[in-house]
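Copied over from Swiss-Prot, here are the features:
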type	residues	note
SIGNAL	1-26	signal peptide
DOMAIN	27-68	domain 'Chitin-binding type-1'
DISULFID	Cys29-Cys44	disulfide bond
DISULFID	Cys38-Cys50	disulfide bond
DISULFID	Cys43-Cys57	disulfide bond
DISULFID	Cys62-Cys66	disulfide bond
DISULFID	Cys100-Cys162	disulfide bond
ACT_SITE	Glu144	active site, proton donor
DISULFID	Cys174-Cys182	disulfide bond
DISULFID	Cys281-Cys313	disulfide bond
Amino acid sequence: MRRHKEVNFVAYLLFSLLVLVSAALAQNCGSQGGGKACASGQCCSKFGWCGNTNDYCGSGNCQSQCPGGGPGPGPGGDLGSAISNSMFDQMLKHRNENSCQGKNFYSYNAFINAARSFPGFGTSGDINARKREIAAFFAQTSHETTGGWASAPDGPYAWGYCFLRERGNPGDYCPPSSQWPCAPGRKYFGRGPIQISHNYNYGPCGRAIGVDLLNNPDLVATDPVISFKTALWFWMTPQSPKPSCHDVIIGRWNPSSADRAANRLPGFGVITNIINGGLECGRGTDNRVQDRIGFYRRYCSILGVTPGDNLDCVNQRWFGNALLVDTL
């Protein structure tokens with residue numbers, strides 16, 4: 001009888017542990033969970049867990065879906081109140097030119113619809129923090145998709161989102177991977193706003209947004225909502241040892257002593273380091289870095305917010321290897 005009770009007790013403990021682990025995994029949210037939302041009525045805590053007590057929803061404890069932080073009157077809730085359709089069109093003024101590969105693909109509605117899957121984006125902090133994040137996101141992605149040149153009409157920084165697919169004759173971007181195996185005949189070159197590339201980025205991104213991008217990578221270039229979601233996923237997802245772009249720009253990231261020794265301080269420059277630091281940072285003045293800053297300053301001006309400090313990564317050391325590698 002005692003042996004029977006011991007077996008039952010062990011089974012109960014194992015069952016309880018599985019329930020707790022399952023619940024914990026299911027509740028991961030916010031920037032720690034790739035921008036996932038909590039169930040209705042719950043808040044996402046600053047640590048990335050869902051709940052409805054003060055530990056999750058209280059002032060200073062909540063990162064998204066906070067009390068009083070529900071959708072506003074605009075079409076995208078708080079996001080729509082920070083960037084209007086007319087601002088979007090002004091920022092990406094020449095995206096629909098005949099010379100642009102992405103003509104009539106990138107739209108305000110697609111952006112707003114995609115952002116609903118990442119409720120912390122453009123809705124965290126005060127209005128200045130929200131606008132600064134939007135400006136930074138569009139600056140970095142505009143650099144990746146720019147069709148501008150020095151003497152372009154309205155200047156080079158009015159030509160973001162001109163391109164959709166990587167130019168030239170890109171390869172298949174398919175290193176061997178047992179976790180993210182490439183589908184026959186598929187290529188994983190740069191597509192969309194962030195120009196996501198490689199099977200090891202398409203795979204986890206697709207899993208996070210609920211789309212099989214390993215078998216259908218060209219959805220990033222044919223479905224505008226999915227296209228924006230891939231860029232937002234990259235923006236919201238930490239890449240250890242890198243923080244997420246989101247956490248940096250809203251001021252949530254606290255650099256370690258190693259970061260400070262590497263001159264990686266909070267600001268737009270660290271985001272460039274996250275995205276393409278191995279090629280652009282710590283190498284002296286770089287035209288690509290300056291191009292990103294040029295877009296950022298223009299968008300901050302349109303949105304009516306100051307750009308903040310530490311805009312370049314000229315003296316920063318690269319973060320090094322990460323869970324996800326650079327998109328380009």
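Just so you know, glycine gets a Cβ as well, placed from its N, Cα and C.
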Field: Number of Cβ atoms other than its own within 10 Å, given for Cys29 (disulfide bond)
entry: 28
- request: Compute the C-alpha separation of Cys44 (disulfide bond) from Cys100 (disulfide bond), stating it in Å without decimals.
  value: 39
Field: Most crowded position, judged by CB atoms within 10 A, among Cys43, Cys174, Cys182 as disulfide-bonded residues
entry: Cys43
Field: Local Cβ density at Cys57 (disulfide bond) - other Cβ atoms counted within 10 Å
entry: 19
Query: Tell me, which disulfide-bonded residues from Cys29, Cys50, Cys100, Cys174, Cys182, Cys281 are within 10 Å of Cys57 (disulfide bond) if we use the C-alpha atoms?
result: Cys50
Query: What's the CA to CA span in angstrom from Cys174 (disulfide bond) over to Glu144 (active site, proton donor)?
result: 21
Message: Quick check: in three-state DSSP terms, what is Cys43 (disulfide bond)?
response: strand
- request: Among the disulfide-bonded residues Cys29, Cys100, Cys162, Cys182, Cys281, Cys313, report those whose Cα falls within 10 Å of that of Cys50 (disulfide bond); none is a fine answer.
  value: Cys29
Query: With every protein chain in view, how many other Cβ atoms are within 10 Å of the Cβ of Cys162 (disulfide bond)?
result: 22
- prompt: How many other Cβ atoms sit within 10 Å of the Cβ of Cys281 (disulfide bond)?
  reply: 27
Query: What's the CA to CA span in angstrom from Cys313 (disulfide bond) over to Cys29 (disulfide bond)?
result: 30
Which listed residue (Cys50, Cys100, Cys313) has most other Cβ within 10 Å, given these are disulfide-bonded residues: Cys313
- request: For Cys62 (disulfide bond), list the number of other Cβ atoms lying within 10 Å of its Cβ atom.
  value: 22
Message: Across the domain 'Chitin-binding type-1' (27-68), what does the mean pLDDT come to, as a whole number?
response: 70
